[in-house]
Amino acid sequence: RENFIHLRNPHLEKMKEDILYHFALGTGTHDFPALFGDVKFVCVGGSPSRMKAFIAYIAEELGLGSPGDDYPNICAGTDRYAMYKVGPVLSVSHGMGIPSISIMLHELIKLLHHAKCSNTTIIRIGTSGGIGLEPGSVVITRQSVDATFKPQFEQVILGKTVIRSTNLDEQLAKELMQCSKEINQFNTVIGNTMCTLDFYEGQGRLDGAICLYNEEEKLRYLKEAYDSGVRNIEMESSVFAAMCNLSGVKAAVVCVTLLNRLEGDQISSSHDVLVEYQQRPQKLVGYFIKKSLGKV
């Protein structure tokens, strides 16, 4: 069954042209169905360089590229986001935090709609702080929860507080977990992900420029988070889940943990170790895409 992107905005139908300003793309200047109509998988992550590395990796995995091939940035007309494509896979950077990924997702979802894409899966791949997990563990998100452990995204719209669900596709999470078992290279768990508005105080760190709580209070909070089912902390998953839900898009969040926050706040692993950790979500999602396309 064809499952198309559902735009929850009747005003778009009245527009002669839709300019995706932060992508430097527009329906009046670009043929979206020709450029993007075959996209079935969209992978998004914070860093432009990481998303370029991912598209090179997936191109080789799918037999669509060779080592050293260059992949042009489709959004070269702007410095806000970077976008790369190979075959049915689109790789897009989203920056850091809820506001940045929210802007990107509004334009990405419209792009997929204008391109008439169907049965598209969007997966966020990234890094996070773990709770009670060995560094390098991969967390597939069951629910994104806020800093009070509620599975919701809260936003003020026209002066009123709007609350949206942050559940993610349960079947997709199970399929990703099965893929991790098949490649059997690193520890992977399904758990809740806490999405915060800040990297320092919002995540209970003791090493920011401002900190008005003590270590005992911090550890009590993180243990409460763990007991509620939280296994990692990042800053994008809540609005990602909410927007994908509203648009009828199957979505998942797959993040590697760079440290165990119960043991410290600063990332102390070597550069080489961190690079290898960051490749783990790429390997898992890359295997999932290959398996979905019958290439495993």
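Cβ coordinates are placed from backbone N, Cα and C, and glycine is handled just like the others.
Copied over from TrEMBL:
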- Arg80, Arg124, Ile125, Gly126, Thr127: phosphate binding site (BINDING)
- Gln203, Arg205: substrate binding site (BINDING)
- 40-289: domain 'Nucleoside phosphorylase' (DOMAIN)
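What TrEMBL annotates, mapped onto the structure for a quick look.
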| residue | record | Cβ contacts under 8 Å, 6 or more apart |
| --- | --- | --- |
| Arg80 | phosphate binding site | His22, Phe23, Gly95, Ile103 |
| Arg124 | phosphate binding site | Cys43, Val44, Gly45, His94, Ile101, Glu236, Ser237, Phe240, Ala251, Ala252, Val253, Val254, Cys255 |
| Ile125 | phosphate binding site | Cys43, Val44, Gly45, Phe54, Val254, Cys255, Pro281, Gln282, Val285 |
| Gly126 | phosphate binding site | Gly45, Gly46, Glu234, Glu236, Val253, Val254, Cys255, Val256, Pro281 |
| Thr127 | phosphate binding site | Gly46, Glu234, Cys255, Val256, Thr257, Leu258, Tyr277, Gln278 |
| Gln203 | substrate binding site | Gly129, Thr196, Ile233, Arg261 |
| Arg205 | substrate binding site | Phe199, Cys211, Lys218, Asp265 |
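Residues Arg80, Arg124, Ile125, Gly126, Thr127, recorded as contacting phosphate, have a largest CA-CA distance of 20 Å.
The average pLDDT computed over the domain 'Nucleoside phosphorylase' (40-289) stands at 97.
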